[in-house]
Amino acid sequence: MLKAGVIAVQGDVAEHADAIRRAADRHGEDCTVESIRSAGVVPECDLLLLPGGESTTISRLLAEEGIDEEIEAFAAAGKPLLATCAGLIVASRDAKDDRVSTLDILDVSVDRNAFGRQKDSFEAAIDVEGLDEPFPAVFIRAPLIDEVDAAVETLAAVDDRPVAVRQDNVVGTSFHPELTDDSRIHGLAFFS
C-alpha cells in the first residue's frame, strides 16, 4: 500500500487528500493519506503534496518544524511530489521575494500573485500535456512561472505563460487542482 503525505501547515489539506484517494482509486492503487505537521513523517511517504496557502508563512513553518530539509531529500530521492500555487512558490528556485525561503527542487522562478488579487481569481479550461481533455483549473492569487530551466517541461500554459510544469519527479501548478472534482492532475503527478 502506498503512503501519501500532504504537508498540513496551511492550505486545502482535506481537499488534496480526497483528490489523491480518487486518483489512486482510478489508477487501481491502494493509498493511505497522512497530514504532515512536523518532521519525521516525510521520509516514510511514497508520494508528497505541498499545497497552497501563503508562501512566506509556509516556508517559515517548514523551516521551524524541520520539514524543509525532508522535502528536499524526498525530491532528491526521485519520489513523486506535487506542489500547487503557494506550494509551487516554495518549491521553486527563486520566488523573487526575500521573505520566502525556497526549497530549490523545481528549477523555475515565479512571480507571487502575478495573476492578481483575490478578486481577480478565475477558472479556465486548460490543455495539459498527458491529459486527453481540458482540465478545469482554478486560479486564486496565482503565481506566474516566469523563467523555466531547460530541464523543466511545460505541461500547460495560459496566454503563453506556463501554469503547470514538470521536472523529473516534481510537478508544480500555479492553480488549485484540488478545488474541482477532477483528480487527473494528482493522477498525472503521482500515478502516471
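Cβ coordinates come from backbone N, Cα and C, glycine included.
According to Swiss-Prot, the protein carries these features:
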type	residues	note
ACT_SITE	C85	active site, nucleophile
ACT_SITE	H176	active site, charge relay system
ACT_SITE	E178	active site, charge relay system
BINDING	G53, E54, S55, R112, I140, R141	L-glutamine binding site
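Distance noted between the C-alpha atoms of R112 (L-glutamine binding site) and C85 (active site, nucleophile) is 9 Å. In sequence order, G52, C85, A86, I89, N113, P143 are the residues of the same chain, not among G53, E54, S55, R112, I140, R141, whose CB sits within 8 A of the CB centroid for the L-glutamine site. In this structure, the CA atom of I140 (L-glutamine binding site) is 12 Å away from the CA atom of E178 (active site, charge relay system). It is 11 Å from the Cα atom of C85 (active site, nucleophile) to that of E178 (active site, charge relay system). Nearest Cα neighbour of E178 (active site, charge relay system) among the listed binding-site residues (G53, E54, S55, R141): G53.
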